[in-house]
Amino acid sequence: MDKFRMIFQFFQSNQESFMNGICGIMALASTQMYSAFDFNCPCLPHYNLAYGLGILLVPPFILFLLGFVLNNNISMLAEEWRRPQGRRGKDPSVLRYMFCSMAQRAMIAPAVWVSVTLLDGKSITCAFCTSVPVETLGNASHPPLSQGEIQRLLARIPCKEIYNGQQLIANEVAVRYLRCISQALGWCFVLLMTTLAFLVRSLRPCFSQAAFLKSRYWSHYIDIERKLFDETCAEHARSFAKVCIQQFFEGMSTDLVAARCHLPRKAPANAGEAAEKLLGIIDQGTMNMALKSWHRCKPPLHLHPPALPTGNGWAGEGQPPTHPSAPRRETAAYYSWV
């Protein structure tokens, strides 16, 4: 249990670790789904190809979309892409980094499905059983058949229990031929995916490491900023609700006292603290205006110290900033009486 707890804590440490854990779980789920899937080829000339390629390509597409749905950054990316320009510019490199990061993680489960399907060979056997070279692998002395009859016989190769063309071509020979081709394609696909991942991981720092770090930093900043904004809004809503409820009960107690129902009154414990957390936003319209302002014109990413008050007003109003003067050197002289 301690190891599982440590793994779970690692997944919750940051957004990337969490999404890596989700993608790993989806990859394992895709293999379990394929092992539990009951593959039934229709064994008909016009349906085998559609069924085999559908099993090979449709579930990976669904898993790819599911990887985007489970990624929390998809809503953040859409919000950042569609928001108005406002007081903060939008960096296309950051948006591109976020999309590429989500796409790479969403591709893990589909790649696992395609690899397992090709290595198993059932879908390729079902899809291309009518393309088996009968002249090379079959019996050349078999009585001649029409093209339609040959296609109907070959379409039953995946269904061993109803296959009746052993005299034309042996079922084991055709299945082994197609399965070897499928496994070769599967290993080539695994090698291709591994090579691409290696090149992306190893060669990217050699060309655009500075741009990559910049994009990664600001993508993390957008994620953290969104979380802090949600937490701040939740805290403000809690304080607002607390003050509203306290005012409601104070009004009720006042009405009861006015009705000559003498009740002991006790000052609320944290009324002042809850009111301070409202930060002056004490009505619904002002809060809605603040939320719209955050969406339309986010503050610029420029931190500046607050202005300091002076004798004639606030420093920095109506005048350019001045550089601090150099520190004055002081010398000390020591006298001794001899």
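Every residue, even glycine, has its Cβ placed from backbone N, Cα and C.
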Segment assigned the feature transmembrane segment in TrEMBL (from 21-37, 208-224): 21-37
Residues of the parent chain within Cβ reach of the transmembrane segment (49-74), under 8 Å, 6 or more residues beyond its termini: 15, 18-19, 22-23, 26, 30, 33, 37, 39, 41-42, 98, 101-102, 105-111, 113-114, 117-118, 122-128, 130, 219, 223
